[in-house]
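Working notes for the structure below.
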Amino acid sequence: MNTVRVTFLLVFVLAVSLGQADKDENRMEMQEKAEQGKSYLDFAENLLLQKLEELEAKLLEEDSEESRNSRQKRCIGEGVPCDENDPRCCSGLVCLKPTLHGIWYKSYYCYKK
């Protein structure tokens, strides 16, 4: 009977010690997997951030193109017809009713001040 008890005790001690080792290994594996998961999340976060920055750059580029196209048209040079209500004559020019050569056109032209 003593041999059965000794054998049972030996098996019990081995099972407990090996079980503890497995438990420690499992804990280590879980920590490694958690660290890998964090690195994957960091990688995914960086990738998403990069995509968002590219999208933002494209949107800002489109906005700047719109503002470039919506700016005021170029100024009108000397001797060119202009609108009395919305003169776009270049600096140094004034939108005036013509004298002599343009009287019959009934339009305003850009002239020097």
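Yeah, the Cβs are placed from backbone N, Cα and C, and that goes for glycine too.
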Checklist entry - Per Swiss-Prot, which of Cys75, Cys110 is disulfide-bonded to Cys90? => result Cys75
Checklist outcome for this item: Same-chain residues at least 6 positions away from Cys89 (disulfide bond) with a Cβ under 8 Å from its Cβ, in sequence order, are Cys75, Ile76, Cys82, Cys95, Cys110
Checklist entry - Among all the protein chains here, how many other CB atoms are within 10 A of the CB of Cys82 (disulfide bond)? => result 21
Item to check | Same chain, 6+ residues apart, C-beta under 8 Å of the C-beta of Cys90 (disulfide bond), given in sequence order | outcome: Cys75, Ile76, Gly77, Glu78, Cys110
